[in-house]
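Following: one structure in structure tokens, then a few remarks.
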Amino acid sequence: MRYITVEDLSFYYDKEPVLEHINYCVDSGEFVTLTGENGAAKTTLIKASLGILQPRIGKVAISKTNTQGKKLRIAYLPQQIASFNAGFPSTVYEFVKSGRYPRKGWFRRLNAHDEEHIKASLDSVGMWEHRDKRLGSLSGGQKQRAVIARMFASDPDVFILDEPTTGMDAGSKNEFYELMHHSAHHHGKAVLMITHDPEEVKDYADRNIHLVRNQDSPWRCFNVHENGQEVGHA
């Protein structure tokens with residue numbers, strides 16, 4: 001099922017074109033990476049696709065329902081989330097638990113299934129053993145993993161991730177990529193992830209969308225084949 005469709009999107013800053021004629025899509029059960037050199041407007045494309053920034057022209061269609069006919073839920077993880085207010089008076093467990101309420105309902109009590117899901121979310125990023133620590137005591141990488149665990153606790157249908165493995169070591173990165181691959185292929189999630197290093201994730205992602213440009217022209221979007229060759233518009 002197609003969750004996100006972007007057609008002929010163009011975005012301008014102060015009348016200067018940044019993105020031009022962008023076309024791409026993301027389906028349920030698919031893990032897609034978005035790459036491009038530094039300054040390639042990857043984050044701008046994500047924000048324009050989500051409506052955080054208003055594209056100048058083009059169409060963005062996001063499905064209203066998931067594969068079960070329920071309201072589609074999207075989790076967006078922006079870049080540098082480790083800089084969030086870690087002075088928030090909460091333990092890691094309480095922080096991750098708060099991510100469950102939008103799915104459950106703010107005024108409904110969590111049951112044993114919810115608690116199991118919270119534990120699994122913490123386990124998935126190696127944070128269960130840190131569950132009783134205060135957010136303010138965490139390292140940058142641990143804060144990143146705590147925010148990711150909270151995102152998992154909300155059980156979204158679509159993951160939009162902007163360089164989510166910042167601050168993680170190589171082993172933790174591979175575990176995260178495997179987790180996202182599993183979420184897509186075994187649970188029908190749609191994953192769109194910005195990464196600066198496509199080589200790290202090539203064994204896990206289904207395809208890569210690459211932003212390129214010629215000289216000073218705006219960035220355009222291309223699919224990248226397994227052999228690294230550009231094969232046309234995404």
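For all residues, glycine too, the Cβ spot is worked out from N, Cα and C.
Keep in mind it's a predicted model, so treat the numbers as computed, not measured.
Here is what Swiss-Prot records for this protein:
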- GLY36, GLU37, ASN38, GLY39, ALA40, ALA41, LYS42, THR43: ATP binding site (BINDING)
- 4-234: domain 'ABC transporter' (DOMAIN)
Most crowded position, judged by CB atoms within 10 A, among ASN38, THR43 as binding-site residues: THR43
DSSP-derived structure type at THR43 (ATP binding site), helix or strand or else coil: helix
ALA41 (ATP binding site), number of other Cβ atoms within 10 Å: 19
Cβ atoms near GLY39 (ATP binding site) (within 10 Å, other residues, all chains): 9
Helix, strand or coil at GLU37 (ATP binding site) [DSSP, three-state]: coil
CB contacts for ALA40 (ATP binding site) [other CB atoms within 10 A, all chains]: 20
